[in-house]
Amino acid sequence: MRDNIFTKENDLVNFAFDSQVANVFDDMVKRSVPAYQSMIEMISLSVKTYGQDNTNYYDLGASTGATSIALGINNPHSNNQIIALDNSPDMVKKCQQNLAGKIDNVDVICGDILDMKFENASIIVLNLTLQFIAPNNRQALINRIYKDLNTNGALIISEKIHFNDQQKQKQIAKLHLNFKRANGYSELEITNKRQSIENVLITDSKQTHFKRFNMAGFKNSICHFQCLNFVSFLAVK
């Protein structure tokens, strides 16, 4: 279904992952996030490299299930269980619908990431998720993920970032704006969505992410994918 949520000049409310967003999320993310499909493919590649037999894979902020599918399809390891978690009942419902008939080793759970226990985890993924968690809760979450990950397990985080250099930030923001225009979003839609989401999606810089990984205990962390202001990080325990 095509995303036309922000086509009208209505009173804007803060962006939320409700039924309206769940129904158009796949279209929204493909038209808003540069190289989104490549980002998903990199997750699949990382699982092949760092997944372990007889362990769990966690998809935190599972949304409509694209990451869980990447974790499950072409997985060369054996006896893995995927735990797909989202705190939006509407997203959980859509995720269950999308996963039906595609992968069967998955549990879809509605819950809060901050309350989740990670057991026997070789892979933990936050795909465009951490940016929606309150900044003052992020370090504690990454600390806990590091503690709970199996040795040689991997944390994969994909995020929108900002640049501390204002000139670079302006350049990349302009390119991202043109990306959205090229994908059919009008000026009204772009403006409305920005106003709706700006207090909900809080970005970090690359430097902040790497500092957070280091403070948690990760000694091996890299940015292994980037397109414009969207990046993926790989941190191995």
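Placed from the backbone N, Cα and C atoms, the Cβ positions cover glycine too.
These come from Swiss-Prot:
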BINDING   Y36, G61, A62, S63, D86, N87, D112, I113, N127, R194  S-adenosyl-L-methionine binding site
Which of D86, D112, the listed binding-site residues, has fewest other Cβ atoms within 10 Å: D112
For Y36 (S-adenosyl-L-methionine binding site): DSSP state (helix, strand, coil): helix
Cβ neighbours within the same chain of N127 (S-adenosyl-L-methionine binding site) - under 8 Å, at least six residues apart: M39, I40, I43, D59, G61, S63, A66, T67, I156, I157, S158
Where the record names Y36, G61, A62, S63, D86, N87, D112, I113, N127, R194 as binding S-adenosyl-L-methionine, the maximum Cα to Cα distance in Å: 25
Under 8 Å by Cβ from Y36 (S-adenosyl-L-methionine binding site), counting only residues of that chain that are 6 or more apart: V29, K30, F230
Cβ neighbours within the same chain of A62 (S-adenosyl-L-methionine binding site) - under 8 Å, at least six residues apart: S68, A84, L85, D86, M91, V92, C95, V108
